[in-house]
Amino acid sequence: MESYLNENFGDVKPKNSSEEALQRWRKLCWIVKNRKRRFRFVANLSKRFEAEAIRRSNQEKFRVAVLVSQAALQFIHGLNLSSEYDAPEEVKAAGFQICADELGSIVEGHDVKKLRIHGGVENIAAKLSASIVDGIPTFEHLINERKRIYGINRFTETPARGFWVFVWEALQDTTLVILAICALVSLAVGITVEGWPKGAYDGLGIVLSILLVVFVTAASDYRQSLQFRDLDKEKKKIMVQVTRDGLRQKISIFDLLPGDIVHLAIGDQVPADGLFISGFSVLINESSLTGESEPVNVNVANPFLLSGTKVQDGSCKMLVTTVGMRTQWGKLMATLSEGGDDETPLQVKLNGVATIIGKIGLFFAVVTFSVLVQGLFSRKIQEGTQWIWSGDDAMEMLEFFAIAVTIVVVAVPEGLPLAVTLSLAFAMKKMMNDKALVRHLAACETMGSSTSICSDKTGTLTSNHMTVVKTCICEEIKEVSSSNKSNNFRSAVPESAVKILLQSIFNNTGGEVVNNKDNKIEILGTPTETALLEFGLLLGGDFQAEQQASKIVKVEPFNSAKKRMGVVIEFPEGGFRIHYKGASEIILAACDKVIGSNGDVVPLDEPTTNHLKNTIEQFASEALRTLCLAYMDMGTDFSVDSPLPLKGYTCIGIVGIKDPVRPGVKESVAICKSAGITVRMITGDNINTAKAIAKEIGILTDNGIAIEGPEFREKSEEELCELIPKIQVMARSSPMDKHTLVKHLRTTFGEVVAVTGDGTNDAPALHEADIGLAMGIAGTEVAKESADVIILDDNFSTIVTVAKWGRSVYINIQKFVQFQLTVNIVALIVNFSSACLTGNAPLTAVQLLWVNMIMDTLGALALATEPPNNDLMKRSPVGRNGNFISNVMWRNILGQSVYQFVIMWFLQTKGKAAFHLDGPDSELILNTLIFNSFVFCQVFNEISSREMERINVLKGILKNHVFMAVLSCTIIFQIVIVEFLGTFASTYPLTLQQWFVSVCLGFLGMPIAAALKLIPVGSN
């Protein structure tokens, strides 16, 4: 079976599957009882094509609008433009001077002419009753007026589907519809022949069973939909930095209003339409709107920023002008009907299993019906009544047909693929509580098979709370500690050196020192920037004063490829100065001078260079992150358009930043190792820092290799094949190094790779990996969008929790498949063999519907929602090529099926004699015994299926409340069916002795299951 599944259903990958592969498996699934339910959680390819066509059309229209606006730019320079706009009275009455439609037309149409008519960005802010410095006032009544006039930043969403929609979908099961028709015919014939109410019992029994199946199915599906809706809400939560009332604060993207001042940085998503106020080197990726891959320069000349686009480089302040459905992105979203997530490989495989068993079931159903009808004809021929047909004969034929249809109901395991989504929905909801947000269904499933985790160091393995603890300034190493000693530190360093150090820290930064909404000083930026700014404040520096003392004219933002950042400042009296900082060895190599012990600039000779290199190594070996600061005076002949020089700098000093290891990381790495998962550290940091931390947490072992990115890049393909399995640490790596390593691990070594990332440049590696893990706190929006799972607390221990849940999902579905296939096989063989050998079927349509519900919806609820235990992380990973239906499962399925069939066959052939049954009801009592024993076999088999290899299946059973509830409901309802619903379910009340024997026969399956687990089986 596994080879058939791999051949026909194995093309679908965890992500980036081809359209052909998605189409192919759908065509193979032709035995489907309920298409709407079966394919609810698979991609709607027709909607996807439709959405793509609309998107292309919109992109074309938008591209034309941009080209028209660019042409208009060439005509309006030098024109005298007169104001001809007058705001509507309603807008004026609310205290504004410009309406939403006018704002929308300016930004969406890139209308420079209108922007000039309105007096530029600053004037538009004034017309919005806002300031480009302080933002909007936050008085409640003013906020409400702003919302009334301009709307809110939300898109129109498809209304949630109610419970009755799921009831209607459950009713569209073809086999249930056929059974319902049979029931109606049965009612009509029965009432005609036997009268009311006796003649209605069989038909009503089927109707009630159908309604029970439909409502239980709908309730389960509705509960899943609520879980997915909650997860969708979490995915859409984006926080943005704004200035309101002159104070910086973080607010939800949904709370943005026109007039807000938004602070954007590299990797951010533009949250609404707006206008550029100020910033540096801003490159915007507009491909989501225009389809153009070439990034757009946004500056004072081209100030238009559009919702849904991404900041590819630089940082800026933006004035929000249009929000929600008035933005171009909002209009695009309104026209698209998304095709949903791609289906997961496990869903596809289980659809394959359902198709195979469905075909077998259909064959058995046809043969069973043929045998039963042939038996009826034979009997009538013997009686000589073949030409005389009564209502009873018609009812018998109808019962045969109903049994055949019900065999199809039981045989087509529609619940198999749906059990995957049930288990994933349950796991995803629980993982949210464990600080992991799963963005794609397949990730949860794939994480359980992962064999390798490539993790960042900073913020994931370390705590991300950085502080400067050591410096080397004026050629002297000094420790930095509490503020009491900061005066001593400052007095020990020449004033000229302190002055240039503070100028470097406060100007060459991606962070800010601001007043937050509580009017307290807050440092914003990455942990590294925050640590440096905190150090500057500790030395008595003034952020605002330093920034105002000179003008920043050019910024070269930090990125992980260059590993440095530079700014050019212009002094009021004239002249330019470049400040540079970044990876210590890179910046030091660009220096030819250094600030000496007296604060004077002296040439950087070999002894001093060696001293500084040794200092870098010393800091790094103490697990400190090192940065080198440098500057260069340029005089007055610097052009802002020219690139920053790469040589000739003066070294200010080196700082050592401590970033302690997160609590629990060492233990989590050890858990990964015991689970057969290799953990690799990939960092942009110094190799000695990386090695020190990797050794501390157990990643770097005696047999492992630590390598630097530049050295890794130089290796040939043959060398990489030999080297990669031994690499445990990669330092000074670029995003492409990470991408190359991941690609080789996946393709050459067949590993299932999980990768962490937080920066925009990590997107290719996150996309390439089997599971991309983005950081929720430090991660950019671009990284989060490329990821499959967002680690909300940036903690490595959470990644281990995700792996544990992934394994839990995989094993839970295996347990459910094992349980369901056992029921399928036994139910099929019992009814088929009985029909062939005795001419009647012991399990009626109503009874089979109840059995179907036990094994399908209730079985999935019980087994697919088992929480993970720590033993899961002591097994080896399944990996890329593991068989889903393993040898262990086949052993359990076949062993249990043989036992159950022997019991059923014994009861059918010897039951009357064993229980001394005679009289007119003996056949009915025997069939009730068979039905009751069969159901209790499933009840105890469900308990045995909790563990596929361990004998102790009762461990933790009372903690699983869902399992206990399902088991209790099954037993209670079985008692009700047998004792009180006999007229509808064709059962007869049993004696205590008969109940005892039924339960014991079911219970015997547990020691049988335990004995089976002692039989060794080969590998998958």
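Residue numbering: from 1, along the chain as shown.
Here the Cβ of each residue, glycine as well, is placed from N, Cα and C on the backbone.
Just so you know, TrEMBL annotations never went through curation; they're auto-generated.
Some features that TrEMBL has for this protein:
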type	residues	note
DOMAIN	5-50	domain 'Calcium-transporting P-type ATPase N-terminal autoinhibitory'
DOMAIN	118-186	domain 'Cation-transporting P-type ATPase N-terminal'
DOMAIN	237-335	domain 'P-type ATPase A'
DOMAIN	841-1015	domain 'Cation-transporting P-type ATPase C-terminal'
TRANSMEM	176-193	transmembrane segment
TRANSMEM	199-219	transmembrane segment
TRANSMEM	356-377	transmembrane segment
TRANSMEM	397-427	transmembrane segment
TRANSMEM	888-908	transmembrane segment
TRANSMEM	924-941	transmembrane segment
TRANSMEM	962-983	transmembrane segment
TRANSMEM	995-1015	transmembrane segment
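Sequence-distant residue pairs (6 or more apart) of the transmembrane segment (995-1015) and the transmembrane segment (888-908) include at least 3 whose Cβ atoms are under 8 Å, placing the two stretches in contact. For the domain 'Cation-transporting P-type ATPase N-terminal' (118-186), the model gives a mean pLDDT of 85. Remark: the transmembrane segment (397-427) makes no contact with the transmembrane segment (962-983), by the rule of 3 or more CB pairs under 8 A. Counting same-chain residues at least six beyond the ends of the transmembrane segment (962-983), those with a Cβ under 8 angstroms from any Cβ of the stretch are 201, 205, 850, 854, 858-859, 861-863, 865-866, 928, 931-932, 935-936, 939, 942-943, 946, 989-990. Remote same-chain residues near the transmembrane segment (199-219) are listed as 37, 163, 166-167, 169-171, 176, 179-180, 182-193, 395, 399, 402, 845-846, 849-850, 852-853, 856-858, 981, 983-986 (criterion: CB distance under 8 Å, separation of at least six residues from the stretch ends).
Counting residue by residue with DSSP, the domain 'Cation-transporting P-type ATPase N-terminal' (118-186) contains 40 helix, 3 strand, 26 coil. Secondary structure counts, DSSP: the domain 'P-type ATPase A' (237-335) has 18 helix, 47 strand, 34 coil.
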